[in-house]
Amino acid sequence: MNKTFHITTFGCQMNEHDSEILAGMLTNMGYEEVAERKDATVAIINTCSVRDNADKRFFGTLGQLKRRKEDQPDFIVCVCGCMMQQQPIIDTLKTKYPWVDIIFGTHNIHRFPELLNNVLQEKDKEMEIWADGGEIVEGLPAKRLFKSKALVNIMFGCNNFCTYCIVPYTRGRERSRRPEDIVREIQALAVDGVREVMLLGQNVNSYKGVNAGGDKVDFAGLVWLIAEIDGIDRIRFMTSHPKDMSDDLIDAFARCYKLCKNVHLPVQSGSSNILKRMNRHYDRDSYLLLVDKLRKAVPDITISTDIIVGFPGETEEEFQETLDLVAQVRYDSAFTFLYSVRQGTPAADYEDQIPEDVKHERFNRLVELVNSISAEKNAVYDGRIERVLVEGRSKRNSNAFSGRTDGFKLVNFKGEENMVGNFVDVEITEGKTFSLEGRIR
Ligand code: 5AD
Ligand code: SF4
């Protein structure tokens, strides 16, 4: 039997990076990645718990694999990720999907090769979920999606317990990697041709590193350490919490030319009352002040956000406050979400849940506003020259290539294969709602 694998990834960039690590471990075991799951002998589904539509898509995808498993018992089905850290999901898998071969969680992906070997040798099932993270495991391989840019975990877990969010329960408490380990990993990536790193964590600006000498290193300090690495031209991070945006980090935005002038600053709501009920530890005014401070320090910084519509108890007036805040901040882009009940979180038990039709109606109004502002902000780029790190061929048009500006705007342009992984100057010819069009200078 040939050794091929396919991974389906749901959710955030942390999950994407976990999938890169799984791909790296499988590659080291002699497996080859295939583009279609039907050609794979090992299929992995890496799941997300953050909203219920991801749950539904997971069970849908899993259901599709049952026939194949019956026809071809050697085909190995593995499931992992945040959903596996929830007992009700495990119960459902055991009763309704007993043909799944391997189940593992978010804290033990490094154990996957051993679990797979056990299944191959003993032809039995494996389930291993760890309740918490324990020691951080260093030195795992990763098969990167892009040649020139890499995802790098700097911390794991979250201590914030926003009342709507399942992440603290599925990813555990905050743990920061040691600064030396992060720097060593990025040095090796630079040698391998990586020009841009995306530092990952649920809340990167509460990073609390301690180096071998026992000195504390905060997130801004880590950024400065990484900026010293030759070959790395761009540093980004995802995601940050407004309450932890330090003056030192704002100063790094202003002075460190390698730190990209772009920040994802999830606001979640424009109403101080809702923010309080969400346990966000900032209010509308302090958020707006922070945006002002960032823009004063770095006038051309691009800002994106996450917004939840229809949190329990949200009144029309409170939703209007969100619309008003969006109009005031004028985000470059925003991810908008319908509030989704997550069992086990405090907000799931709030009694004043908002009816689905009201949520949808508010959501549509918000999206319309967000998109019209994005289009206006992108239109301003017409005629500008932007430095773009070329990522690859555009998915829709084989003639076109795409890449990102320093401010994280997606740019499409006609290019050549040898540009992939390099910086090019692109003259922007049209700003659209979600991307920019341009031509090589
Ligand atoms: N319902 C809707 N959106 C949610 N998010 C997190 N939990 C929920 C939920 N229960 C959103 C937040 C977060 C983003 C990653 O997902 O906006 O910033
Ligand atoms: Fe969830 Fe809040 Fe932690 Fe973000 S900061 S992962 S929204 S609990």
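Sequential numbering from 1, following the chain as shown.
A Cβ is built for glycine as well, from the same backbone N, Cα and C atoms used for every other residue.
Please treat TrEMBL annotations as automatic predictions, because they have not gone through curation.
Feature annotations, courtesy of TrEMBL:
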BINDING   Cys12, Cys48, Cys82  [4Fe-4S] cluster 1 binding site
BINDING   Cys158, Cys162, Cys165  [4Fe-4S] cluster 2 binding site
DOMAIN    3-121  domain 'MTTase N-terminal'
DOMAIN    144-376  domain 'Radical SAM core'
DOMAIN    379-441  domain 'TRAM'
State the three-class DSSP label for Cys82 ([4Fe-4S] cluster 1 binding site), counting H, G and I as helix, E and B as strand, and everything else as coil.
helix
Quick check: which same-chain residues outside Cys12, Cys48, Cys82 lie with their CB within 8 A of the centre of the [4Fe-4S] cluster 1 site CB atoms?
Phe10, Gly11, Met14, Asn15, Thr47, Ser49, Val50, Ala54, Gly81, Val167, Thr170
Among the binding-site residues Cys12, Cys48, which residue has the fewest other Cβ atoms within 10 Å of its own Cβ?
Cys12
Three states by DSSP: which one describes Cys162 ([4Fe-4S] cluster 2 binding site)?
coil
Entries of Cys48, Cys82, Cys158, Cys162, Cys165 (binding-site residues) sitting next to ligand 1, with Cβ under 6 Å as the cut-off:
Cys165
Filter the candidate list Cys12, Cys48, Cys82 of binding-site residues, keeping only entries whose CB is under 6 Å from an atom of ligand 2.
none
Can you give me the residues near the recorded [4Fe-4S] cluster 2 site, meaning same chain, not Cys158, Cys162, Cys165 themselves, Cβ no more than 8 Å from the center of the site's Cβ atoms?
Asn160, Phe161, Tyr164, Ile166, Val167, Pro168, Gln202
Local Cβ density at Cys162 ([4Fe-4S] cluster 2 binding site) - other Cβ atoms counted within 10 Å:
21
Spatial neighbour of Cys48 ([4Fe-4S] cluster 1 binding site) that is closest, considering only the binding-site residues Cys158, Cys162, Cys165 and their CA atoms:
Cys165
Going along the chain, which residues six or more apart from Cys165 ([4Fe-4S] cluster 2 binding site) have their CB under 8 A from its CB?
Val50, Cys158, Arg342, Thr345
Summarise the model confidence on the domain 'MTTase N-terminal' (3-121) as a single mean pLDDT, whole number.
95
Cβ atoms within 10 Å, counted per site: which of Cys82, Cys158 has the most, among these binding-site residues?
Cys82
Rounded Cα separation (Å) that holds between Cys82 ([4Fe-4S] cluster 1 binding site) and Cys162 ([4Fe-4S] cluster 2 binding site):
17
